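Participant: Okay, so TrEMBL annotates it like this:
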COMPBIAS  17-41  compositional bias 'Polar residues'
DOMAIN    129-212  domain 'NAD(P)-binding'
DOMAIN    232-363  domain 'NAD(P)-binding'
REGION    1-41  region 'Disordered'
TRANSMEM  52-71  transmembrane segment
TRANSMEM  212-231  transmembrane segment
Amino acid sequence: MASSSDNLSLVHRTHHNQQIDQSQPFLEPQTNHKPPHSSTNPIRYMLREQRFIFVLIGVAIAVFFFTTFLASNPLLESVHDPGLESGLGSDRPGIDLPANPTRRVLLETWNVGGKVPLGVRKKNMRIVVTGGAGFVGSHLVDRLIARGDSVIVLDNFFTGRKENLAHHFGNPKFELIRHDVVEPILLEVDQIYHLACPASPVHYKFNPVKTIISFLLLFLFLFLVLIRMLGFHKTNVVGTLNMLGLAKRVGARFLLTSTSEVYGDPLQHPQVESYWGNVNPIGVRSCYDEGKRTAETLTMDYHRGLGIEVRIARIFNTYGPRMCIDDGRVVSNFVAQALRKEPLTVYGDGKQTRSFQYVSDLVL
């Protein structure tokens with residue numbers, strides 16, 4: 001019994017006489033904290049920390065959807081359209097966008113940047129015409145606006161006249177900008193018709209430097225730039241170069257209006273396109289002839305080297321309304337002399353031949 005009571009007293013003293021060490025700081029009970037990015041909730045972790053990957057996945061899905069949908073869309077199947085193959089002169093009505101709002105948005109999205117799927121042509125295009133206030137240019141503007149296109153005319157009025165375009169003033173689809181093509185300009189267009197250059201012997205003999213500087217940077221070569229990737233040297237033909245550069249930037253078609261003068265004093269009649277001509281590079285008229293020949297060269301270099309869609313039209317003798325009566329060409333000379341009741345001037349034996357074309361037939 002004594003032994004039992006001693007044990008109880010020992011237990012009692014031990015329990016009551018334990019001293020608390022005040023020198024130890026008070027510590028809260030430790031709990032098992034899990035790291036914030038626990039593997040027990042991987043979905044929340046991915047949504048919170050892998051947003052960039054989800055963005056990339058979304059973009060990839062969207063690209064796949066749009067390309068697959070549009071490639072299989074019957075609206076975008078190839079259509080054999082001779083008007084498209086014939087170049088810039090086609091006046092056939094374009095294919096209307098679908099009435100379905102969803103498909104319309106998709107098709108318009110595909111067309112961003114002026115790119116048109118094969119077989120689909122924009123109904124109303126935005127076109128720039130350089131030299132559009134001149135004789136041929138003003139008739140071309142009439143034709144394009146009648147077709148429903150929006151037209152921007154660039155002209156420095158060296159030979160062009162505002163009166164040729166006065167009937168379009170106030171038309172929301174017409175814009176006239178006084179601009180010399182030897183200076184670059186930034187526009188968003190679908191097609192470019194480059195007509196800017198004095199074509200009358202009176203005008204280009206009066207100011208031969210102005211004539212050739214529309215195509216050739218003052219005096220032959222200012223610089224030659226080697227384009228390594230393309231493998232050809234680029235002669236600076238200022239006006240044409242600026243318009244070709246614009247066509248490259250915006251993906252527009254380009255039409256260069258050249259001339260029969262590129263054949264010089266031909267030894268072959270009539271001239272075929274493969275005929276290279278018989279030219280005098282230092283004659284009085286050479287500023288016009290050589291400027292056009294150089295412009296043709298640069299146009300074809302841009303086509304071969306950069307893939308720009310181009311057309312070259314070698315225009316012969318054009319006549320019609322708005323023609324300057326004193327421009328020195330044979331039709332205007334005969335008309336002017338007839339109106340003044342003067343004898344007609346015939347050079348040489350009068351056996352020369354010319355190819356004539358009425359202006360409305362040219363721009364048709």
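We number each residue from 1, going along the chain as drawn.
The backbone N, Cα and C atoms fix where each Cβ goes, and this holds for glycine too.
Could you tell me the structural context for the features on the list?
Facilitator: Shown for the domain 'NAD(P)-binding' (129-212): DSSP residue counts in helix, strand and coil, namely 30 helix, 17 strand, 37 coil.
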Participant: What does the DSSP secondary structure composition of the domain 'NAD(P)-binding' (232-363) look like, as residue counts for helix, strand and coil?
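Facilitator: Across the domain 'NAD(P)-binding' (232-363), the residues distribute as 53 helix, 25 strand, 54 coil.
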